[in-house]
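Student: Take this structure first; my questions come after.
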Amino acid sequence: MIEFDNLTYLHGKPQGTGLLKANPEDFVVVEDLGFEPDGEGEHILVRILKNGCNTRFVADALAKFLKIHAREVSFAGQKDKHAVTEQWLCARVPGKEMPDLSAFQLEGCQVLEYARHKRKLRLGALKGNAFTLVLREVSNRDDVEQRLIDICVKGVPNYFGAQRFGIGGSNLQGALRWAQTNTPVRDRNKRSFWLSAARSALFNQIVAERLKKADVNQVVDGDALQLAGRGSWFVATTEELAELQRRVNDKELMITAALPGSGEWGTQREALAFEKAAVAAETELQALLVREKVEAARRAMLLYPQQLSWNWWDDVTVEIRFWLPAGSFATSVVRELINTTGDYAHIAE
């Protein structure tokens with residue numbers, strides 16, 4: 001299995017180095033739910049600005065403040081502890097009056113707003129995230145500048161970031177041990193992390209192999225294509241290749257890669273044969289996903305950062321802003337720009 005740092009680059013390996021997250025303020029994330037609170041209901045949506053706190057810790061503290069069980073506080077996604085992040089938490093408080101959340105005190109946290117809402121905020125129920133990153137000690141400004149220009153046009157590989165696999169790859173290692181021993185895993189969190197790591201690693205492998213062998217944006221017979229921003233897909237046929245290629249070039253359609261699991265993968269003929277060959281050696285992980293009834297799905301192979309802009313503070317420091325849809329990784333953008341020092345794995349999704 002290819003490690004994250006060794007996955008194939010779309011724009012070639014960066015020529016320069018730099019520092020990501022020299023300070024928490026160098027990594028700012030603003031969550032975009034894509035909807036506004038209802039203004040009524042048994043839940044309260046709370047928008048929190050935090051620095052130096054992980055999401056679960058803040059959620060538990062909020063539950064304690066509201067005198068409710070920790071499971072009654074939910075969130076759409078984990079945000080990094082070592083960053084400045086803005087996100088929504090959701091507390092279920094049926095039959096209770098609206099509390100004064102301005103009295104909620106936690107070091108490194110600030111309540112920005114809160115309102116009633118009708119529904120629980122579930123994991124993954126967000127539109128995306130806006131990022132403001134500062135790269136410091138950049139050793140090759142010209143290379144980074146050109147890469148930013150190229151990314152505006154060609155995007156980046158839509159890899160799952162190293163944080164998906166845990167510190168030191170612990171989640172993927174757990175999945176491999178589970179696959180090899182067939183011992184039941186009772187812990188729901190471990191099950192979720194390990195299965196997610198297994199499927200994500202196989203997806204990354206398929207995309208990396210496609211980048212090695214051919215133009216990742218070249219439609220082949222049997223490819224599974226999806227409308228940009230949509231989840232459903234259809235299969236390309238030989239007769240349609242020219243027209244489908246035009247639509248891919250226009251970014252109207254996206255070529256997808258498999259998220260392996262049980263059931264059909266979604267591709268056919270040439271594309272299916274390629275995907276199967278790309279992960280043929282990973283029989284244990286594939287068998288684990290089938291055994292645990294994780295359904296196969298699809299994910300776009302390329303990611304196009306939206307609203308991408310940048311500003312050089314000086315020759316070695318650049319501020320970069322962009323927006324990514326839910327499930328995408330800022331670190332997959334950064335790895336196409338510079339060779340960073342430090343470990344990506346501690347950066348939450």
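From the backbone N, Cα and C atoms, a Cβ is placed for every residue, glycine too.
Look at Swiss-Prot and you will find Phe27, Asn129, Phe329 tagged as substrate binding site, backed by sequence analysis. The active site, nucleophile annotation in Swiss-Prot covers Asp80 and is backed by sequence analysis. Swiss-Prot lists 155-303 with the feature domain 'TRUD', giving sequence analysis as the kind of evidence.
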Student: What are the DSSP helix, strand and coil residue counts for the domain 'TRUD' (155-303)?
Tutor: 76 helix, 23 strand, 50 coil
Student: Roughly how many Å separate the Cα of the residue listed as 'active site, nucleophile' from that of Phe329 (substrate binding site), to the nearest whole number?
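Tutor: Rounded to the nearest whole number, the Cα-Cα distance is 12 Å.
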Student: Check each residue in the chain of Asn129 (substrate binding site) that is at least six apart in sequence and keep those whose C-beta is under 8 Å from its C-beta; list them in sequence order.
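Tutor: The list for Asn129 (substrate binding site) reads Val29, Val30, Glu31, Asp32, Gly77, Trp323, Leu324, Ala326, Ala330, given in order along the sequence.
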Student: Take the Cβ of Phe329 (substrate binding site) and count every other Cβ within 10 Å, whichever protein chain it belongs to.
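Tutor: Summing over all protein chains shown, Phe329 (substrate binding site) has 23 other Cβ atoms within 10 Å.
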Student: Where does Asp80 (active site, nucleophile) sit in the DSSP three-state scheme?
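Tutor: Where Asp80 (active site, nucleophile) sits, the three-state DSSP reduction gives coil.
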Student: Taking 10 A as the limit, how many CB atoms besides its own sit near the CB of Phe27 (substrate binding site)?
Tutor: 22
Student: Check Phe27 (substrate binding site) against DSSP and tell me helix, strand or coil, would you?
Tutor: strand
